[in-house]
Amino acid sequence: ALETLKMLEKKDSRVKSAAATNLSCLYYLENELAQATKYADLAVNSDRYNPAALTNKGNTVFANGDYEKAAEFYKEALRNDSLCTEALYNLGLTYKKLNRIDEALDCFLKLHAILGNSAQVLHQIANIYEIMEDPNQAIEWFLQLISVVPTDPHVLANLGKLYDNEGDKSQAFHYYYESYRYFPSNIEVIKWLGAYYID
């Protein structure tokens, strides 16, 4: 894939931008940030209106810890294509890193309106409500999430924890037990179930 894309990068600017965008993505996935940054820069310089190129550039900046600058690239990608879901998702993650929780929630709620029942988006929304210390909303979104991924032991355990914190032991037991059924090696879940049976 890398060799093919390197041949394409010698073409006209739009083809070069697309090839460089894909090369940047591949290097990013291989955790070669210097190469990913180089090709992200090339992609953006070849076509400043390419939302995927801007998103990749944002990803490389994010990986280097400059979250404010990453947010600027994601926002520019969204100005060029308001339906660029990857940029919107990554902008939400960036706002979470910057502790701008309301803005992060806004990004993920917009994504939910676009993508419907995306497990990743539902998880982010539920997690943000947890951070905001709104257990009722968190539970509601986690329940939506398990309707999409009913066998995810971590989500089930999270629901168990939320219900336990709310004092609803029977619901907590139900979700902890379901989590244990799908992943019987989680020590935290085993400890909770053991204590529940002792009680």
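Cβ atoms are placed via backbone N, Cα and C, with glycine included.
TrEMBL annotations:
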| type | residues | note |
| --- | --- | --- |
| REPEAT | 51-84 | repeat 'TPR' |
| REPEAT | 85-118 | repeat 'TPR' |
| REPEAT | 119-152 | repeat 'TPR' |
| REPEAT | 153-186 | repeat 'TPR' |
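Averaged over the repeat 'TPR' (51-84), the predicted model reaches a pLDDT of 94. Each residue in the repeat 'TPR' (85-118) gets a DSSP state, and the totals come to 28 helix, 0 strand, 6 coil. For the repeat 'TPR' (85-118), the list of distant contacts is 51-52, 54-55, 58-59, 62, 67-68, 70-71, 74-75, 77-78, 124-125, 128-129, 131-132, 144, 147-148: same-chain residues at least six beyond its ends, Cβ to Cβ under 8 Å. When DSSP labels each residue, the repeat 'TPR' (119-152) comes out as 27 helix, 0 strand, 7 coil, counted as helix, strand and coil in that order. Secondary structure counts, DSSP: the repeat 'TPR' (51-84) has 27 helix, 0 strand, 7 coil. Taking H, G and I as helix, E and B as strand and the rest as coil, DSSP gives the repeat 'TPR' (153-186) the counts 27 helix, 0 strand, 7 coil.
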